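Below is one structure, written out as structure tokens, with a few remarks after it.
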Amino acid sequence: MPDPNQMILATFIHNSGAHPGGWRWPGAPAVDQHDFAHFAHLAQTAERGKMHCYFSGDSQGFPSISGKDAFAATDYAGKLEPTTLLAALAVVTKHIGLIATASTTYNEPYAIARRFASLDHISKGRAGWNVVTSASDGEARNFGRDLNMDHDARYARAEEFVDVAKNLWDSWEDGAILRDRDAARYFDPAKVHELGHKGEHFSVAGPLNVARPPQGHPIIVQAGGSGPGRALAARTADMIFTAASSVEVAKEFRDDMRARAAAFGRNPDHVKIIPSVQLMVRASEAEARRADEELLDLVPEALALRTLSLQLGVDLSHLSVNDRLPDLPETNGGKWVQQSIIRMAREEDLPIGLLARRVVVSRASFSYTGTPEQVADLCENWFRAGAADGFSLSPNYQPGVLEDFVDQVIPILQKRGLFRAEYEGDTLRENLGLPRPENAFVANPALGCEPRMWA
């Protein structure tokens, strides 16, 4: 079993890096974001560092605030579909967890359950699903809608979606596949169950046409910070990503999520809270400050302003860079990010221009550049303060920052006893110290019904 006194480390993979100027950084190689070799190198580097997870975000559209010319200054628009990418990466890695993002708003439970069960089988138990509800009107317009679904309605749909997916994974019991050649029985029909689900949002007969995943269920990841988002995460998630601008904000969030999980009858230790940290490692403090400034200089002002508008869900183009942020209507998008940005603007009295430069780098997440010792100190301080079970690291540019973290920071954490030297288990669930979920049909034989196809 993993040592509970050691932290979890994941890496959030962007094309060329998390920083919008990262792809222009002189030390970063020119990367084709469709080149599999680039992503294979990143995954293998993270695995060499014994990191827990390789995480791929996703969206299914361009940004919804007009400004295509501004966003042309980033490499964010073009990205490979994550489950396809991670299935390929499963072949060139052996231990690291592979977490892909998929939306509950613009997918159906059967397709998602099948996709992630397949990834879990291909990777031999290393798959994770990052559950998102999609915050962008730009995505909505690609799926027959002018505007995105209402925030609370998206989360109500997500609640039912995740439940159906989990029951589909359980529709095959462990041991259902017999491969009994003599008896001509490939599987035991008594261990394959129909859901017969009819809910507010979905009608799904089942069973899934993929056997139960090696982990029972792939790891469920969630990142909602609003009330409905926190409720969904506390009830269903194994790991929760969060954007926290300080150790105090991170601790408040972790304490709240652990209490919410307990209220649902869950063991809080089985819900791992992983703040996002956008970082860069440099040899000295002076070099760190200089690198921060030089990277930010690579971001056009128009991109920073459009990014601020996008994150707030409001067009700010009529305002001056010297204006303060006005009172804003509540967004239908990412409420936690909007609220965090507004709080930052008010508490620090930031004009829009300076606020945009802050937000374009890391949105509401914590951003840090320092020496290897300083980065290790940051991780240790947050971990020991009870603000985090680990971290989702977003390197400012790739692959250099990830290589620096693996080669320079992880050895310090290992020397301090804060990070493992080897993988402890075979599956992602085992490496996170999480139990394999009981099959819902075994626990409750009255669930669902026998498949009509067997009648």
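Even glycines carry a Cβ here, placed using N, Cα and C.
Residues annotated as domain 'Luciferase-like' in TrEMBL: 30-387.
Tyr155 (FMN binding site) falls within a helical segment according to DSSP. What TrEMBL lists as FMN binding site is Asp58, Thr101, His151, Tyr155, Ser226.
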Cβ distance under 8 Å to Asp58 (FMN binding site), same chain, sequence separation 6 or more: which residues?
Lys79, Glu81, Pro82, Ala100, Thr101, Ala102, Ser103, Val132
Greatest CA-CA distance (Å) over the residues Asp58, Thr101, His151, Tyr155, Ser226 that the record ties to FMN?
20
For Ser226 (FMN binding site), what is the tally of other C-beta atoms lying within 10 angstroms of its C-beta?
20
Averaged over the domain 'Luciferase-like' (30-387), what pLDDT does the predicted model reach?
90
Is it possible to get the count of other C-beta atoms within 10 angstroms of the C-beta of Tyr155 (FMN binding site)?
22
Would you count the other CB atoms within 10 A of the CB of His151 (FMN binding site), including those on all shown protein chains?
20
